[in-house]
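Taken from TrEMBL, the feature domain 'Xylose isomerase-like TIM barrel' applies to 21-249. As annotated by TrEMBL, active site, proton donor/acceptor applies to E137, E234.
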Amino acid sequence: MPRFAANLTLLFTELPFLDRFEAAAEAGFDAVEVLFPYEDAAPEVQRRLAAFGLHMVLINTPPPNWTGGARGFAAIPDGQDRFRHDFKRALRFAHAFNATHLHIMAGVADGDAARSIFVENLTWAAAEAPKQSLTIEPINQGDMPGYFLSDYDLAADILGEVNAPNLGLQFDAYHAHKITGDMPATWKKVKHLTRHIQIGGLPDRHEPLAGVIDYPAWFQGLDDGGYDGWVSGEYHPAGRTEDGLSWIKGFD
Ligand SMILES: O=C(O)C(=O)[C@H](O)CO
Ligand SMILES: [Mg+2]
């Protein structure tokens, strides 16, 4: 089975944020990710990671206000100062947590100006943080209307143009199905670009079980294909988080 991580922004929300680390460790996870770990003091998060033997797989560059606010600044033509300021801050958090990946959020934008500023900002970020793995993630338009990056061909083109060794694709299987209608075929096209995977069930982004996407078969394919990155559960549990974790235990 792949190496699994728990997204603590979406999982274990029965508990206050800082208590989710212990719950994830007790449920059998060795690693976690947190979309926006900017509201709690970094040393407190570090303490929880160490206390429960957890690795931080990923954090995101910050939007100012996640609830109904911006979705990032990397592709916003007049948002370059904001993006660079936020990126440096995000990098400090990523270093403090020893996070494997930092996901750069593009924001809501479209057109040629957005594409060129995205390439420019990614090129700058990759040079600014040569030792940090950076990712970009296509997100479906239904969940995030107007998000700049919602196309895998565009993501592949941009990665090719930036051509930085520390920048790669974040492949969210739930978004991939929503965007292309054929997640396994999309995976085959982009797996060579991918450095992090997230998963969730279809159609409602609940547990990643067998269904529209045959997750048991796909996990086997990841193993057979030698994928050695993390696979993170990023979904809204249908009930109690602990009751829906058969996917980390071989679907028993
Ligand atoms: O929406 C997702 O799938 C993500 O992974 C983003 O990081 C933020 O929502
Ligand atoms: Mg995702």
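Using N, Cα and C of the backbone, Cβ positions are placed for all residues, glycine too.
Bear in mind that the values here come from a model prediction, so they are computed numbers and not experimental data.
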Exercise for the section: Enumerate same-chain residues with a sequence separation of six or more from E234 (active site, proton donor/acceptor) and a Cβ-Cβ distance below 8 A; give 'none' if the list is empty. Expected result: N7, T9, L10, E33, D172, Y174, Q198, I199, G200
Practice task
Starting from the Cβ of E137 (active site, proton donor/acceptor), draw a 10 Å sphere and report how many other Cβ atoms land inside it.
Solution key: 21
Problem - Stretch-averaged pLDDT - the domain 'Xylose isomerase-like TIM barrel' (21-249) - result: 96
